[in-house]
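Database features (Swiss-Prot):
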type    : residues                                                                             : note
BINDING : GLY12, SER13, GLY14, LYS15, THR16, THR17, ARG131, ARG180                             : ATP binding site
REGION  : 34-63                                                                                : region 'NMP'
BINDING : THR35, ARG40, ALA61, LEU62, VAL63, GLY88, TYR89, PRO90, ARG91, GLN95, ARG141, ARG152 : AMP binding site
REGION  : 130-144                                                                              : region 'LID'
Amino acid sequence: MKKLFLIIGAPGSGKTTDASIIAEKHPDRIVHYSTGDMLREEVASGSELGKTIESYIAKGALVPLNIIIDTIVSAIKHAPVDTILIDGYPRSEEQMTAFDELVSKEDDIDLVSVIEVRVSEEVARERILGRRAEAAPGEERSDDSEEVFNDRMKIYTDPLGAIQRFYTDKGLLTIINGERTLDEVVDEMEKFVLSKI
């Protein structure tokens with residue numbers, strides 16, 4: 001049985017970093033996939049699918065549902081261990097509903113929790129624009145601009161209330177304060193995940 005944790009949070013909340021640190025500390029038990037990283041890897045491969053994905057990411061728009069679902073299901077089924085952290089999903093009510101329907105049909109996938117790494121828009125903005133300023137030449141992300149940040153933030157916040165209600169009603173939502181130090185956030189998330197597996 002694959003135990004799945006979905007990690008959501010605003011752009012710049014630190015969700016990807018938090019999850020990757022936890023997975024690195026427990027490589028024999030936990031694996032981390034970022035939907036963003038999975039999609040960016042496809043873009044880097046230069047495939048036709050990658051070119052399609054790139055056109056959405058560069059604008060800060062949502063990648064089509066079928067592409068994301070296929071990417072996530074493949075990652076879960078091929079995961080080398082039984083505990084999987086996936087961050088950056090779901091980002092819309094449509095994604096949430098489609099994924100819930102899929103998981104409910106799968107006997108070997110247990111959605112254990114949806115962890116929200118909560119930060120204010122001000123903190124998220126400072127982190128994202130700071131990340132752009134600190135990027136080495138050639139390592140800038142096309143989605144780290146103020147205009148794209150505003151679009152990404154709107155895409156994140158618009159469906160957030162519905163996503164929170166949906167997972168709260170199922171008893172699956174856990175909120176972690178992402179405005180603390182990296183060590184504090186990682187420590188709380190790690191203890192929570194380990195307590196559930």
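The backbone N, Cα and C atoms fix where each Cβ goes, glycine too.
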For the region 'NMP' (34-63), residues assigned helix / strand / coil by DSSP: 20 helix, 1 strand, 9 coil
LYS15, ARG91, ARG131, ARG180 as binding-site residues, winner by CB count within 10 A: LYS15
Greatest inter-residue Cα distance in Å for the ATP-binding set GLY12, SER13, GLY14, LYS15, THR16, THR17, ARG131, ARG180: 17
Secondary structure at THR16 (ATP binding site), reduced by DSSP to three states: helix
Distance [Cα-Cα, Å, rounded] between THR16 (ATP binding site) and VAL63 (AMP binding site): 18
Reduced DSSP assignment, ARG131 (ATP binding site): helix
Cβ neighbours of THR35 (AMP binding site) where a neighbour is any other Cβ within 10 Å: 21
Rounded distance in angstrom between the Cα atoms of GLY14 (ATP binding site) and THR35 (AMP binding site): 14
